[in-house]
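Contents: one structure, followed by commentary.
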Amino acid sequence: MSDLTRMTATEIAALVAGGETSAVEVTRAHLDRIAEVDDRVHAFLHVDTDGALAAARAVDERRAAGEELGPLAGVPVAVKDVLATRGVPTTVGSKILEGWRPPYDATIVQRLRDAGTVMLGKTNMDEFAMGSSTEYSAYGPTHNPWDLTRIPGGSGGGSAAALAAYEAPLAIGSDTGGSIRQPGAVTGTVGAKPTYGGTSRYGLVAFSSSLDTPGPCARNVLDAALLHQVIGGHDPRDSTSIPQPMPDVVAAARLGATGDLTGVRLGIVSEFVGEGAETGVMTAFRESVDALTKMGAEVVEISCPTFAYALPAYYLIAPSECSSNLARFDGVRFGLRVGDDGNRSLEEVMSLTREAGFGPEVKRRIMIGTYALSSGYYDAYYGQAQKVRTLITRDFTAAFEQVDALISPTTPFTAFPIGARTADPYQMYLADLFTIPTNLYGGPGISVPCGLSEGLPVGLQVMAPTMADDRMYRVAAALESAVGTFTPPAL
Amino acid sequence: MTTTLPAYDEVVARYEPVIGLETHVELGTNTKMFCGCPTDFGGEPNTRVCPVCLGLPGSLPVANKAAIEAIIRIGLALNCSIAEWCRFARKNYFYPDMPKNFQISQYDEPICVDGYLDVEVGGETVRIEIERVHLEEDTGKTLHVGGATGRIHGATESLVDYNRAGIPLVEIVTKPITGTGALAPDVARAYVAELRDVIRTLGVSDVRMEEGSLRCDVNTSLNLPGAEWGTRTETKNVNSLRSVERAVRSEMLRQASVLDAGGRITQETRHFHEDTGDTTPGRSKETATDYRYFPEPDLVPIAPDPAWVAELKAALPELPRVHRRRLQQQWGLSDLDMQSVLNAGAVELIEATVAAGTTPAAARKWWLGELSRRANESGVELADIGATPTQVAELQGLVDAGKLNDKMARTVLEGVVDGEGSPTEIMTSRGLEVVSDTGALTAAVDEAIAANPGIADKIRSGKVAAAGALVGAVMKTTRGQADAKTVRELILERLGVQG
């Protein structure tokens, strides 16, 4: 049998279902691969060897008993450490949750288990999903399999790197300002941010509640769609979950793969193809646009002037919500506790715990958010940012009256060297310049590999109206059929 | 504190009080506000908890529809407008009994606004305006161990029980209540009593102040006539109707003594002490936390369907004021008599006693007489005296059947209050039954006549009033277990005199 770790999820599921391999065999192959490369990649914070093998055995037993298996049964999945996993360490990349084993599963994790997928372990991330390079993980950075001296994007760099390093065929990420799409772009993998409310946030450790969206990561569009279908859909435990059936993203991906985009209208966001992006990124993007046009798509340029304000609005809304969401990490009920020597007051213990447990980027955002919500400043900062959010939504709505989907480069630049942007937070924030508007609007966005620039992957982003996730899968699959997938050099 | 306080009459002659009440009511929903945990009172600490009410990372709230229905009904009963669209908000502050270090509450978009509640004070109707009614989650309970006071100061350990965390809490806030003068303490009490009755009638909470399912904070300030309102204080820990009244009065006296001495009132939270009737300062509001309220992003807005709200309004039960007016008519009471029934907190008790088969007059006699006296002596609310309406009705039944006379009935009632059993059981166990065997009674009468020949002669000569002395003698020999009226008739009969 050829190398199981090089296969798509679809292929693995078919082999397991047909009895040509077992889920245990598939799992062992991936665990071996992790053992072989992860000391260099550092995609995983925790590998759940026993749990993965037990889950794989259960799938094999169900198959042996003649039970019908779901479309991804027996396929390994790497889960970003932002999702609560019962009995399995969940740190959110932070020291403050070191050693915490949640007593419950996130809805998405439960759905993954129900579908018979095999959770390999938990992947590295910027602390509390705040960052664009995984360098802000309290447990050290993840390295980009394309070039180990470079960042794999963030915050979900662990999930993206695990895919690119063939440690897992599928992964789960979460996208608050681009944390699925931007790592996808810089690692040559596919990352989809579903419509906000299309995937459950129950069990997703919150960074910014109104923006956080868990979603699928894969090495190809169809696999991402299959994973999306397994994890998506209404969840009564998440009040913001949309109580409607989700669009058929798998059918859309299959339709797109035929390479026909006749009648599809695409809008290039003018503001994102100017001077903001690197030349190599723009070259790959332009070539992709030509490919899309050749497949029958009608491509126009559309101006979305308020997108220029997305970054500042985001950096008020997300920190404001995080300043409140992260208040619960105080050493009283779970996780790290520092300074509890029997003499210090509760307040001192809380302060010492938070001082020791949070990293610099998390502290920076908690302080910005606390300030922005303060009495007397609320209207000027948080209130104003919400107004900008409304305007950005209007730009999207107006654009979607003219086109079916918007396209842009996913990021302005390819994977940068580790350490290159940590000195200046703003330089780091620019990595999400093109992905943030979608989060503020709440619609879906996907990054699909569209070429290489100086040997490094470039991603193209497709943005669709809310609850029209199928449209972005169709366009992404079509592009993939034209440009193919990209394989990094051997590790 | 040994400051001599001014006399209350002098205080209200010099100053005008402004009061305001914030009342918290725990709803009696089956489950908590944002999760499926049970809400029953009691239970081993931290057993009625889940990831949501413990605020574990990743957990999310989902609003309890029954709680939203309950608050809308409260709002409607308090004549409020119901918002067509409103949101929850986060109130951010660090405290270990708050699992998330923020409380999900409502801020500038409460679900019910601009209502009123009419209350009766001293025969007058006072309209208390309601500013807002909003929904929030309760906090856990902190127990400070090792200190002398049970407060955090001096404690060596603090234990937190999250069973209460997340129980739905309704906050009802009045507008400032002015112009009540000397009656301010009575108005405050009457308002809380009326509010409690309304909520109990709606069946959405058991509103028991002693269990904390109804809690009250009292704001008080004083100003000179015509001057601007004074600085207010907020008194917490007010756990009974009587305490509401005492807290307002005590705070008025304290503030007057500070102002009289040329001092200034500090805006602060004060604690009421049930034992002394005093208030002492809590945390100062001058260093008040900035709660950094913002709309709760984890919850979708509440947008009650106007048709549903209209249905809830149409289905409201008869509210206490209307109900009382109907009862007053049925019972044939004057306004003054009804007022004393109200003051005694006896409306429902009398109503239930009448429902158990007693006449309104007899029911009222027991509850306002003997039982009110006992309640006052023991310092408990009438409803908690230990006698139930059914027992009172049973007692009156025994009187009506001629088995107990009035004095014996009162003795039996004491037994009921002391928990000795039902009236019939106590009558038997204490051997208290009217001697109706005329043979034994006739012997006792003859004995009394024989022992008091002088009195017997007076009666024979027509001085019928003198029979009272012989009745007394007979009652003495029968140890009170005879019916005085029967004894009197028997005496006259034996002496051959017409009654």
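Keep in mind that glycine also has a Cβ here, set from the backbone N, Cα and C atoms.
Taken from TrEMBL as is:
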{"type": "DOMAIN", "residues": "A:25-471", "note": "domain 'Amidase'"}
{"type": "ACT_SITE", "residues": "A:Lys80", "note": "active site, charge relay system"}
{"type": "ACT_SITE", "residues": "A:Ser155", "note": "active site, charge relay system"}
{"type": "ACT_SITE", "residues": "A:Ser179", "note": "active site, acyl-ester intermediate"}
Rounded distance in angstrom between the Cα atoms of A:Ser155 (active site, charge relay system) and A:Ser179 (active site, acyl-ester intermediate): 5
Helix, strand or coil at A:Ser155 (active site, charge relay system) [DSSP, three-state]: coil
Those residues of the chain, 6+ apart, with a Cβ under 8 Å from that of A:Lys80 (active site, charge relay system): A:Lys122, A:Thr123, A:Met125, A:Gly156, A:Gly158, A:Ser159, A:Ala171, A:Ile172, A:Gly173, A:Ser174, A:Pro214
Distant-in-sequence Cβ neighbours of A:Ser179 (active site, acyl-ester intermediate), under 8 Å, six or more positions away: A:Met125, A:Asp126, A:Ala129, A:Ser132, A:Gly154, A:Ser155, A:Gly156, A:Gly173
Stretch-averaged pLDDT - the domain 'Amidase' (A:25-471): 97
A:Ser155 (active site, charge relay system): tally of other CB atoms within 10 A of its CB: 35
